[in-house]
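Pulled from TrEMBL, these are the features on record:
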type	residues	note
BINDING	Ala146, Arg147, Asn251, Ser274, Gly275, His276	pyridoxal 5'-phosphate binding site
MOD_RES	Lys277	N6-(pyridoxal phosphate)lysine
Amino acid sequence: MSIKIQKTFEALFELEEIRGIFREAVPTGLNAEEEAALQKKITELKAIIADLEAGTGTPKVTKIAGTLNVRSREEQYINIHPIQAAGRLTDEARKALISYGDGYSTCDFCRKPFRLDKITRPSIADFHEDLAKWLNMDQARVVPGARRGFQAVTSTLVNKGDSVIVSALAHYTEFLAVEGAGGIVKEVPLNDKNIVTAEATADKIEEVKTETGKLPVLVMIDHYDYQFANEHEITAIGKVAHQYDIPFLYNGAYTVGVQPVDGKKIGADFVVGSGHKSMASVAPSGVLAINDDFAPKTLRTTAMVGDLTKRKFGIKEVELLGCTLMGGTLLSMMASFPTVKERVLHWDEEVKKSNYFIDALLRVEGSKVLSEYPRKHTLTKVDTTGSYDTVAQTHKRRGFFFSDELTAHGIVGEFAGATRTWKLNTYGLNWNQVHYLADAFTEIAEKYELPVQKEKIQPNPV
Ligand SMILES: Cc1ncc(COP(=O)(O)O)c(C=O)c1O
């Protein structure tokens with residue numbers, strides 16, 4: 001690590017932006033005095049690096065290491081953007097993207113039967129098998145985003161006027177997928193903790209049956225929703241769906257690629273994941289995995305024959321419009337896959353880091369966590385109206401003061417000026433970075449004389 005950090009550091013320093021990392025940043029266009037100050041800083045930092053190499057880091061060392069031990073776009077900042085975190089590419093994916101950026105570059109060795117998931121060079125066929133196995137499902141296909149996975153399923157199962165059960169926190173793309181197929185969404189209400197329960201799902205199914213005289217044709221629920229990233233009763237909901245003989249789609253946009261997902265254990269007929277959200281892949285990419293009961297229908301091949309030319313199109317799958325990801329998107333997914341398979345095994349550690357940071361934020365009086373707490377996910381919705389935003393009331397930069405402060409601390413990813421109730425994600429930050437992040441929030445609070453509790457406090461109930 002030491003050599004890597006040193007090299008990173010030296011390269012970054014030359015880039016001048018490094019100065020922005022430190023609060024005592026030296027502006028550009030240095031006079032002699034400033035130059036001397038900068039040289040002093042360099043000497044100090046070299047000593048810190050030497051400390052690091054000797055394994056005798058001080059808290060300050062840890063902070064700096066945390067800041068430096070990141071790469072490429074993140075190299076200057078700690079990025080807490082809510083939806084970018086787990087989609088960031090691995091180095092392998094970046095290389096694959098360059099090599100396979102050309103459209104149809106997957107098709108060089110496409111041979112009969114002429115379908116993406118059958119190509120063996122590069123090993124796309126094996127990748128499909130591995131994906132299905134990894135999710136413990138029978139078949140897997142890559143799709144341009146989770147939304148296209150929903151669409152393939154709704155357009156298979158939903159007819160005009162059919163009802164589809166979704167959560168009251170369902171993503172808009174689920175609504176569109178149902179609408180596109182002519183169906184009608186029926187939302188399961190949340191309980192007082194913003195959780196979708198199996199009981200409420202069963203009640204909703206009964207209600208639809210009574211109202212329409214027909215059972216819904218699909219239950220489609222997010223394991224973690226996009227608003228709070230609360231965990232919903234996914235396995236029990238799957239059981240309820242099956243008791244009514246309704247197929248169950250598990251939306252793993254926030255799980256597939258960050259935590260282990262076992263489709264059979266969950267009782268999912270369909271598992272949908274998002275490559276660019278959670279699998280370190282280029283957008284748009286995703287996965288649709290299917291069990292044997294529904295694979296023949298969802299993955300049916302074309303029977304169409306040209307009326308003039310009598311042309312047929314072999315084994316192209318109708319719902320996927322034949323082939324799907326034909327270049328860098330797919331190859332980036334494949335290149336990141338070994339890392340992704342490994343990283344899901346460390347989800348518990350990611351959740352610990354998330355809780356560490358949220359605990360620190362809650363020590364700043366007036367801060368609230370709107371998501372369930374303790375956190376079970378790295379994406380969290382917080383409310384800082386009663387803490388940092390109180391400063392905004394009188395600050396000349398108004399709501400932007402907070403973003404200015406975060407940027408000055410080398411932290412980005414919040415929506416500038418929109419930090420009253422807002423979302424952030426700690427996924428992929430190492431412990432040094434999480435400590436640095438927590439300290440930075442505390443320092444900002446202290447700078448503006450917001451009360452900070454020393455002991456861990458429980459959050460205000462939502
Ligand atoms: C819960 C949820 N499902 C589905 C999607 C859509 O995913 P994709 O962009 O891969 O189509 C999102 C995107 O934000 C989401 O949050």
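Any Cβ shown, glycine's included, is placed from N, Cα and C.
Caution: TrEMBL annotation is automatic and unverified by curators.
Comparing Cβ neighbour counts within 10 Å across the recorded positions Arg147, Lys277, the minimum falls on Arg147. Residues Arg147, Asn251, taken from the binding-site residues Arg147, Asn251, Gly275, are distinguished by a CB atom under 6 angstroms from ligand 1. Taking the Cβ of Ala146 (pyridoxal 5'-phosphate binding site) as reference, residues of its chain lying under 8 Å away and at least six apart in sequence are, in sequence order, Thr173, Asn251, Ala253, Val272, Gly273, Ser274, Lys277, Gly286.
Around Gly275 (pyridoxal 5'-phosphate binding site), the same-chain residues at least 6 positions away in sequence with a Cβ under 8 Å from its Cβ are Gly87, Val142, Gly145, Gly257, Ser281, Val282, Ala283, Pro284, Ser285, Gly286, Val287, Thr329, Ser332, Met333. Take the mean position of the Cβ atoms of Ala146, Arg147, Asn251, Ser274, Gly275, His276, the recorded pyridoxal 5'-phosphate site; other residues of that chain with a Cβ within 8 Å of it are Val143, Gly145, Gly149, Ala253, Val272, Gly273, Lys277, Ser278, Pro284, Ser285, Gly286. Pairwise Cα distances among Ala146, Arg147, Asn251, Ser274, Gly275, His276, which the record gives as the binders of pyridoxal 5'-phosphate, peak at 14 Å.
Note on Ser274 (pyridoxal 5'-phosphate binding site): other Cβ atoms within 10 Å of its Cβ, all shown chains, come to 30.
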